[in-house]
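Contents: one structure, followed by commentary.
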Amino acid sequence: MKILITGGAGFIGSAVVRHIIKNTQDTVVNIDKLTYAGNLESLSDISESNRYNFEHADICDSAEITRIFEQYQPDAVMHLAAESHVDRSITGPAAFIETNIVGTYALLEVARKYWSALGEDKKNNFRFHHISTDEVYGDLPHPDEVENSVTLPLFTETTAYAPSSPYSASKASSDHLVRAWRRTYGLPTIVTNCSNNYGPYHFPEKLIPLVILNALEGKPLPIYGKGDQIRDWLYVEDHARALHMVVTEGKAGETYNIGGHNEKKNLDVVFTICDLLDEIVPKATSYREQITYVADRPGHDRRYAIDAGKISRELGWKPLETFESGIRKTVEWYLANTQWVNNVKSGAYQSWIEQNYEGRQ
């Protein structure tokens with residue numbers, strides 16, 4: 001099987017590419033614009049494979065994407081290319097509209113025209129797999145807001161959309177486009193919505209890598225508000241395995257939620273990281289002493305949590321990592337890969353971190 005992957009140099013995309021090349025016989029065509037979060041070093045251990053191909057291109061460039069489709073003749077598309085950081089979407093939403101909405105439209109149109117011209121067998125087996133987020137659903141009741149006896153709800157595949165940030169609104173828009181292209185044109189699409197990912201090769205603007213690296217550098221560990229926001233954490237390699245299972249075994253027209261069964265308050269996540277660092281690289285005082293509280297994000301969702309029962313029942317997928325095992329692997333990876341970290345932390349990234357976090361104190 002030949003799979004065209006957009007955004008394959010990003011955090012989740014590179015995990016998918018590594019998984020496919022290392023664990024299957026499928027061929028990958030990786031399309032990536034290589035924006036700040038795209039890093040080919042994340043693919044260095046598979047880049048010489050004769051089943052791996054890289055194309056430096058923008059999904060908004062329809063002519064170039066058409067050329068790539070015609071050259072490689074993919075059997076499936078896995079669409080991961082996206083702007084994905086909520087804070088960046090608040091200060092600069094235009095890039096999110098362009099990539100996540102306009103880019104998805106452009107890719108859908110190229111894929112639709114390509115699919116329409118395929119022979120019957122290849123046409124029937126083709127899949128356009130759109131990878132999305134649980135943030136499109138908005139947020140869920142927080143334990144602080146309900147009585148102890150009440151069972152807290154989870155996001156399911158039929159939860160109504162209620163995005164609350166420019167990022168989640170742009171992803172919700174792209175989800176709707178994908179489903180419309182199936183209903184209107186018959187394009188065999190699948191949508192997956194995932195919870196918060198973590199693991200190796202994560203760009204250090206996100207909570208877990210930011211805390212690990214700031215802790216090691218003796219910098220403040222910024223916590224939004226009281227740190228009581230709850231997220232479900234999914235180890236990225238578990239997610240990659242699920243995504244490949246969906247594109248190869250999932251049913252066209254379906255939606256699958258993918259979660260890690262690990263609801264944690266942000267502050268507890270930071271405590272766990274600090275305690276691991278105290279154990280692995282101890283210093284005179286606990287890393288917890290570096291925690292600092294900053295002004296909360298505007299419109300910050302209080303709780304996300306996914307019901308991943310459907311993908312478990314229908315495809316047999318379950319996460320292999322607990323949060324405790326996955327976060328230990330993640331911390332150990334960052335300790336062992338300082339060169340990768342140094343290479344991605346450019347001057348532009350440092351300026352953004354200073355503006356976004358230090359300006360909130």
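The backbone N, Cα and C atoms fix where each Cβ goes, and this holds for glycine too.
Listed in Swiss-Prot:
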{"type": "BINDING", "residues": "11-12, 32-35, 58-59, 80-84, T99, 167-171, N197", "note": "NAD(+) binding site"}
{"type": "BINDING", "residues": "S84, T133, N196, 206-207, 222-224, R231, N266, 296-300, Y357", "note": "substrate binding site"}
{"type": "ACT_SITE", "residues": "D134", "note": "active site, proton donor"}
{"type": "ACT_SITE", "residues": "E135", "note": "active site, proton acceptor"}
{"type": "ACT_SITE", "residues": "Y167", "note": "active site, proton acceptor"}
How many Å separate the Cα atoms of L207 (substrate binding site) and S84 (NAD(+) binding site)?
13
Row L207 (substrate binding site), column other C-beta within 10 angstroms, all chains, value 21
Integer Cα-Cα distance in angstrom, S168 (NAD(+) binding site) to E135 (active site, proton acceptor)
5
Counting only residues 6+ away in sequence within the same chain, which have a CB under 8 Å from the CB of the residue listed as 'active site, proton donor'?
F155, N193, C194, S195, D232, N257, G259, Y304, I306
So which of the recorded positions is most packed in, judged by how many other Cβ atoms lie within 10 Å of its Cβ, out of D58, E135, D296?
E135
What kind of secondary structure is R231 (substrate binding site) part of, going by DSSP in three states?
strand
Among the binding-site residues K33, K171, R231, H300, which residue has the fewest other Cβ atoms within 10 Å of its own Cβ?
H300
Check the Cα distances from H300 (substrate binding site) to each of the recorded positions K33, D58, S84, Y167, K171 and keep only the ones within 10 Å.
none
For N196 (substrate binding site), which residues of its chain lie six or more apart in sequence with Cβ-Cβ distance below 8 Å?
R231, D232, W233, L234, Y304
CA pair S84 (NAD(+) binding site) / E135 (active site, proton acceptor), Å rounded to integer, equals 11
What whole-number Å value do you get for the CA-CA distance of K33 (NAD(+) binding site) and Y167 (active site, proton acceptor)?
19
Out of A81, I223, give me whichever of these binding-site residues has the highest number of other Cβ atoms within 10 Å.
A81
For E135 (active site, proton acceptor), the spatially nearest of the binding-site residues F11, K171, I223, using Cα atoms, is K171
